């Protein structure tokens, strides 16, 4: 990955749910990125762990357009698992590799402020504002931020409503990358690349083409928030990519060699 002299060297990385798997190499790649002088900012999800604990507690998992309906009881599980268990497992793994890391959530220092999307999906929300003060302070102290997408419910909050929100980690990653004007936004997923209308893998797409994939319905499911977040980041001057995190060392390969999945830029389309 080439850095310009004006680069802030910030790379925002959205970690998929496999990062705690002993065979996953993504966290090991973080150590290499630090050695290369980059400043990784990690955002994680943990939907499968939330679902597993919900089942243990006898709570039904309900999804609308692939996102979790978040009632009071589910919000408790989301906050405990994402801002607690999953976040601290990742931080502990990084510390074990000699990387100074700190786990925070969107609530801390009002890093992510949001509002409820719709009454029928409960405390499922959308990002309204990003405050980068805490993230920047950690980076300046050479500490890697590990961010849970549990966020602060302040905007248009009804009287008596909860102060926490469950926000999808994909848009959180895009908004943070945009606010930080990061050099790169990387999504580690369980697919090799974004697919075109004929099912072909797309190696590089322009922002306009990404928007067409969304508007036409070619992009579906979990790819929708990822592509939207890539568009958000490119508008702020970042480049963005979606790569297969299941393959060993794909993160470091993408950032040093490139061409590992789908890159969203303002340039011409290249198919792989």
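Cβ atoms are placed via backbone N, Cα and C, with glycine included.
If you check Swiss-Prot, you get these features:
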type: SITE; residues: 14; note: site 'Transition state stabilizer'
type: BINDING; residues: 46, 47, 68, 166; note: substrate binding site
type: SITE; residues: 226; note: site 'Transition state stabilizer'
Residues close to substrate site centre defined by 46, 47, 68, 166, Cβ within 8 Å: 45, 50, 51, 78, 81, 82, 168
Residue 47 (substrate binding site) - helix vs strand vs coil (DSSP): helix
Surrounding CB atoms that lie within 10 Å of the CB of residue 68 (substrate binding site), all protein chains: 23
Length of the line joining the Cα atoms of residue 68 (substrate binding site) and residue 226 (site 'Transition state stabilizer'), in Å: 16
Residue 226 (site 'Transition state stabilizer') in three-state DSSP notation: helix
Rounded inter-Cα distance in Å - residue 47 (substrate binding site), residue 226 (site 'Transition state stabilizer'): 15
All-chain count of other Cβ atoms within 10 Å of residue 166 (substrate binding site): 26
Residue 166 (substrate binding site): secondary structure state under DSSP, collapsed to three categories: strand
Per-residue Cβ crowding (10 Å cut-off), top of binding-site residues 46, 47: 46
Length of the line joining the Cα atoms of residue 166 (substrate binding site) and residue 14 (site 'Transition state stabilizer'), in Å: 16
Number of other Cβ atoms within 10 Å of the Cβ of residue 14 (site 'Transition state stabilizer') across all protein chains: 29
Integer Cα-Cα distance in angstrom, residue 226 (site 'Transition state stabilizer') to residue 14 (site 'Transition state stabilizer'): 10
